[in-house]
Amino acid sequence: MNGTEGPFFYVPMLNTTGIVRSPYDYPQYYLVNPAAYAALGAYMFLLILLGFPINFLTLYVTIEHKKLRTPLNYILLNLAVANLFMVFGGFTTTMYTSMHGYFVLGRLGCNLEGFFATLGGEIGLWSLVVLAIERWMVVCKPISNFRFGENHAIMGLAFTWIMACACAVPPLVGWSRYIPEGMQCSCGVDYYTRAEGFNNESFVVYMFICHFLIPMAVVFFCYGRLLCAVKEAAAAQQESETTQRAEREVTRMVVIMVVAFLICWLPYAGVAWWIFTHQGSEFGPVFMTIPAFFAKSSSIYNPLIYICMNKQFRHCMITTLCCGKNPFEEEEGASTTSKTEASSVSSSSVSPA
């Protein structure tokens, strides 16, 4: 083993010189330069500074504008709530602990931070899955005479929370555990050890299959079918430049959504799986910290992609920020009207919202 395992922690450094200490009690500056902890704290502050306004504004604008409170937008509000969980339950904690250079909040704080960060991340993950399924159902109509309504939206929300809890709760009750990871300033699921009595092996396999491979397969399938439907509609109206433009726009948005999903989850899942399958191999603290950056930054770019790219949400946000008047209203309105009239598969139907 190329690390030091202790009660409820694993430090990725052999204690050959006796300098390794518990990440709950002592600064971990022997792992990386103290400047790296300052950089981590600054990064967390940036995520809070950007993530809170974007996601809070999403909720506020929806409350203010009744036309946004439609079943198809429920999942976007769920995504904003998930991101706020990450901001308050994860980012603020990591910023505070990185300022001290170790997980100063102790074992209980590690459980709470790990739980809320995992819960928020998983709600966000399954919200993207439900979002893809909803768009596929609305556009491709795999079920004839199906009309998406409020009950379906509520079922989708309940599903995201059930799946998120199915991932975040088990480490609190003995199936795996939360321990400090990376630079030892944030907590996550124990991929690092085979600690007796925690069944880490089965939990990691369960997470990798049920909370990464299956969601990724569903997202790829739904957006793949959606793209096929849009291209078929565009092929049937080849003479319409507006339809072709709408098809290109939808393709661009789908590619962005899929790439963002992969950027968010593939590095973290890949590194976690490598650590799990190569236990005892040597790796540095930054090896797990950097992929976590990609997953955490989703609280910023997911709202930008799934909410701010939606014309209706964007219009209402600008109206709210500009005290009730949208200076771009005429331009956006003309564009939307033209596209809606000319295309049988409007890009707004398959846009992020």
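Note: Cβ is positioned from N, Cα and C throughout, glycine not excepted.
Among C185, C187, C210, C222, the one Swiss-Prot lists as the disulfide partner of C110 is C187. With respect to the membrane, Swiss-Prot annotates P71 and F313 as residing on a common side. Taking the Cα atom of each, C110 (disulfide bond) and C322 (S-palmitoyl cysteine) are about 41 angstrom apart. Of all the recorded positions given, namely C110, C187, C322, C323, the one with the smallest number of surrounding CB atoms inside 10 A is C323.
With a 10 A radius on its CB, N200 (N-linked glycosylation site) counts 22 other CB atoms from all the protein chains. Over all protein chains present, the Cβ of K296 (N6-(retinylidene)lysine) has 24 other Cβ atoms lying within 10 Å.
Between the CA atoms of C323 (S-palmitoyl cysteine) and K296 (N6-(retinylidene)lysine) there is a gap of 32 Å.
Of the recorded ranges 37-61, 74-96, 153-173, 203-224, the transmembrane segment (253-274) has the largest number of C-beta contacts under 8 angstroms with 203-224. Panel annotation: around the transmembrane segment (74-96), residues 40-41, 44-45, 47-48, 51-52, 54-56, 58-59, 62, 104-105, 109, 112-113, 115-117, 119-121, 123-124, 127-128, 130-131, 134, 150, 153-154, 156-157, 160, 164, 185-186, 296, 298-299, 302-303, 306-307, 310, 313, 352-353 of the same chain, lying at least six beyond its termini, place a Cβ under 8 Å from a Cβ of the stretch.
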